[in-house]
Every structure is written in C-alpha cells, then in structure tokens.
Amino acid sequence: MAKEKFNRTNPHVNIGTIGHVYHGKTTLSAAISAVLSLKGLAEMKDYDNIDNAPQEKERGITIATSHIEYETETRHYAHVDCPGHADYVKNMITGAAQMDGAILVVSAADGPMPQTREHILLSRQVGVPHIVVFLNKQDMVDDQELLELVEMEVRELLSAYEFPGDDTPIVAGSALRALEEAKAGNVGEWGEKVLKLMAEVDSYIPTPERDTEKTFLMPVEDVFSIAGRGTVVTGRIERGVVKVGDEVEIVGIRATQKTTVTGVEMFRKELEKGEAGDNVGVLLRGTKKEEVERGMVLCKPGSITPHKKFEEEIYVLSKEEGGRHTPFFTNYRPQFYVRTTDVTGSITLPEGVEMVMPGDNVKITVELISPVALELGTKFAIREGGRTVGAGVVSNIIE
C-alpha cells in the first residue's frame, strides 16, 4: 500500500497547472500523480477523476477545481487543476486556491495561444510568483528546430509579462505517453521527463514563508467593552503572531491609531500568544470601544497602510451565476467587501472600454469613500444589495 508512506515532514507547497485549453493540463496532472504513485509518493488519479472537478464556492462564486496531492523526495504538494478557462480566471482572481507557483503547459505542436498569454498575465496580476514550463506533446513534433522555436516564443512571452523568461526552466515531454507508461506499471523514457519536470519544480519554486512567519494582521470582526479591563477586539488572525506587550496599529476607516496588547484570549482562556488561523480576543490598552469598528485591522506597526484609490483585476459574475443581468459603466458604485466589511466605491473603466458585461474579466480603477487597509494581492468581493456580483484582487495602489 502506497498510502502508508504519506508523512507530513516535508515542507508544503501549493501549485497548479495553467495554460491554453486542450494543451494537456489535466493529462499532465494525471501523469504526475501516476508517475509518482509508482514511487510510492502519490495515489494515482485518473484523468476522468480530475476532469470531473467538484464545484466549490469562494466569495459567492462557484468554481470547478480539482485538488490532488502528491509528494516528491523533498516536498509535499497540493496541486490544483481547473477544467474550464473561466474557472481558471475565477480561481486566480478569488484566490480560491492560492498558488506558490504554477506549471504552464504549452503544446509543442501548437505553441503559445491566447489563453497561454492570458494565464501568464493573470499570474502576473494576482501574484503567482514563479512559473515552470512543460512543453507537452513532444511526441507529435518531429522537427527539433520547431521545438526550439516554441521554447523561444514561450520565453519571450514570459519576459513580456515581467517573468524571468531566460531563466525559466522548460521541460519537454508527453503527458499522455508518460501516463500510458505509468498505467502499464513502469517509468520509462516519457515518465523520466515528468520526473525531470518535478525536479525543476522542487528546485525552482521556493518553499513559501509560513503564515505564522509573516507580519501580524487581524481583521476586526467585533468590539466589546469589558468593565475594569478595557476594550477587546475579536477576529481571526490572518497572518503572523501576536503576544501580550506587542505594539499594534489599528488601521482603516479612520486615522491610524497605535496601542499596546494587554491580553490575548481564546474561548475565555488567557493565551501567551495568538497565531495565524486562531480566533482570538485581543485586549487593547487605553483604546475606547467607539474608536474601533468592524472593517479595521490590527497589525504590526507600519506593515500595512490605509488606501482609497487602487487598480484591481476583477471577474464579473455571469447572469447564470447569479450576477447582474446588464452591463455596467464607469461611475458604477457597488460595495467592496474587504475582509470583514462593505465599503462603497466608484469604478472607472480602462480607456477604450465602454462597458463591462456579466462574465467578463477586466482591470478597473476603484475609489472608495473611506480608506481601508490594503496591499497588493488583497482580495475582495464586489456586492450590490447584499449579493455578490464580482470578485477582485488589488493589482496596483494609486493613493
């Protein structure tokens, strides 16, 4: 039984396959799991198993995604694959599956196609930090020069979107051939190429910083006043660690305030520290209940600042997904639900874009009526009368 070997000692990395439709993303996902299963490092997942992706809801948006897990000698991977192009766009914008790196699959027989470009652009905008390339369908290309030409095109395309095209690892192979070999029970010539790809992923995509190692941030969900003790704010710590005696800032909506943590509690028990993922109450020195409200954040001083105006990459829900039935134009004023609260803002469309239709993805400029704690990569929902009509991610801060 291969299952016994799964241990959690290896560092964990989230990756996914991206690329144009029919270039072989799902076949590659199946091939990776099949080849590694022969080494006792994964459970074999069939193509159909991955392709019939379950639907998930993230920020009110339904996305079909498949998650598979496997190990290499040095790491544990969670790998996400999406069946449809729209699912990729939604996945990347909502951050439903945060990727530490991606495997870009390009058919060697066809070269880069429109969605290849779009997925690279999206990776740049939503902050997928590293890309490794698999040139698939190598068995269909007889001409070595053609293969080199496709590789050159891919490198140029990556460089055009500010990825290091010249240094990006590119491995050629055939996912289908590797999968056929593995199903026959051996790792042959094509399986070796999949192992070579995974070796590149192991070495080129760095191990991500764990949430507890990042700077402290906790969105405020509720505020209480406790007689004789002061003000307690509650919420789930998004990242980092907070301890008694730490200086923190309260950021968003109003002027930034500084205070000191005098207590951290969880389920009414005193804690020495709270860390990423914990739901805690944080007692603040000298802070009045009316000075803090839902929608603000507690954070390490200087680590995040309040902003009103920024650019973001958004996906607008289609009518079938419960979104708007009609397009919207510049000056549309929905609510932007950031972390724990709705803030009204007005939208400016890019030059040359008259209107945005349900189902589109587009880059917009937003100006909020009050400032909130934002940084590159902050995700939020766009809502109208309490229902979600879109999702976005901050791609550039203006002021």
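Backbone N, Cα and C atoms are what each Cβ position is placed from, and that goes for glycine too.
Looking at 60-64, 85-89, 100-104, 120-124, the range annotated in Swiss-Prot as region 'G2' turns out to be 60-64. Here Swiss-Prot gives region 'G1' for one range in the set 19-26, 283-290, 307-314: that range is 19-26. When the ranges 81-84, 233-236, 377-380 are checked against Swiss-Prot, the one recorded as region 'G3' is 81-84. Looking at the stretches 136-139, 208-211, 212-215, 300-303, the one that Swiss-Prot records under the feature region 'G4' is 136-139.
Mean model confidence of the domain 'tr-type G' (10-209) amounts to 89 (pLDDT, 0 to 100 scale). DSSP assigns Cys82 (GTP binding site) to coil in the three-state reduction, placing it in neither a helix nor a strand.
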